[in-house]
Amino acid sequence: MAKSDYYEILGVSRDAEEREIKKAYKRQAMKFHPDRNRGNAEAEAKFKEIKEAYEVLTDAQKRAAYDQYGHAAFEQGGMGGGGASGADFSDIFGDVFGDIFGGGRRQRVSRGADLRYNMELSLEEAVRGVTREIRIPTLEECDVCHGSGAKPGTSAVTCPTCHGQGQVQMRQGFFAIQQTCPTCQGQGKIIKDPCTKCHGHGRVEKSKTLSVKIPAGVDTGDRIRLSGEGEVGEHGAAAGDLYVQVQVCKHPIFEREENNLYCEVPINFAMAALGGEIEVPTLDGRVKLKVPAETQTGKLFRMRGKGVKSVRGGSQGDLLCRVVVETPVKLNERQKQLLRELEESFGGPSGDQNSPRSKSFLDGVKKFFDDLTR
């Protein structure tokens, strides 16, 4: 069966620079890597093609030979154990591929996966801090084989294919290319008698309960990292981390903007005109707020230090109260008559002295129409 063109495999032009080839390789490798396509033979074969194409096209000597002779330049190949002769491409794989999948030179042991837990908090809990118990599903070390994957009384043995190196060498013409051992998958060892509980994986599915301390001042989008509380690694490798993602629920009174809190405070029009004192809510309880005479809707009153303390310590935000002047409703006849008398005392709906904003607005409207008729 004819082999595919290396340039077509990576999806690059024949005059592509090495930087473009590396970028294309990364993209393709992530898509078809065996760790992401377990049990998919077609993806595994595709990945081998991608890897082979990358190895040739990023080596100047190999690429020149391929451009001139095609695949014929690398015929007459064979496979052997990992040795010292020939070109060693492990460093290239480490640079380009290791950062993505954690691959390494020689034996490969995978660190445990990180876990994420979404936690909803009330505004009060986020502001003051709280300790919560959470239960999470995870992978933990098998208590029968203690993570080895082997049946008690036995142990893993050196891989007969790679002799414990985790890699084998493929010879193609006068070149030698190293790749992950297909027998042990890079581990360097194989398990002949697997543990009956974990079936050779060294890990089992469990749930665990953790106590999580949430610091005061957190907000939506913040993450708390619990080191080593993720899934345990394969065959004794380091465990991953647990990330607690914070989501603060909407509050019926307060809105938060960074470390400041905002709330709307309704007052009647008499207090707005004459001034007075009202009680406003804070997260620490009720406090008195003095409202000066002639206060308008939208006026902001700042109460310093009544907001949220910074999660990093030090500064504390403020509470900003926005006044909303309410129009009275369901008036009786006596109240309506009093309002009519009040309006008359103003000299009409747009009394110059008592309603400066109304007068300014009406003057502007008059000027607008005067300009239109000129």
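Just so it is clear, glycine is given a Cβ too, placed from its N, Cα and C backbone atoms.
According to Swiss-Prot, the Zn(2+) 1 binding site annotation covers C142, C145, C195, C198, on the basis of sequence analysis. Annotation comment: Swiss-Prot describes C159, C162, C181, C184 as Zn(2+) 2 binding site, evidence class sequence analysis. As annotated by Swiss-Prot, domain 'J' applies to 5-70, with the evidence given as sequence analysis. What Swiss-Prot records for 142-149, 159-166, 181-188, 195-202 is repeat 'CXXCXGXG motif'. According to Swiss-Prot, the feature zinc finger maps to 129-207.
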Just to verify: the residue among C142, C181 with the fewest other Cβ atoms within 10 Å, which of the binding-site residues is it?
C142
Name them in sequence order: residues not among C159, C162, C181, C184 whose Cβ is within 8 Å of the mean position of the Cβ atoms defining the Zn(2+) 2 site.
P160, T161, H163, G164, Q165, G166, Q167, V168, P182, T183, Q185, G186, Q187, G188, K189, I190
Between C145 (Zn(2+) 1 binding site) and C181 (Zn(2+) 2 binding site): CA-CA distance (Å):
25
Extra residues within 8 Å (Cβ to Cβ centroid of C142, C145, C195, C198), Zn(2+) 1:
D143, V144, H146, G147, S148, G149, A150, P194, T196, K197, H199, G200, H201, G202, R203, V204
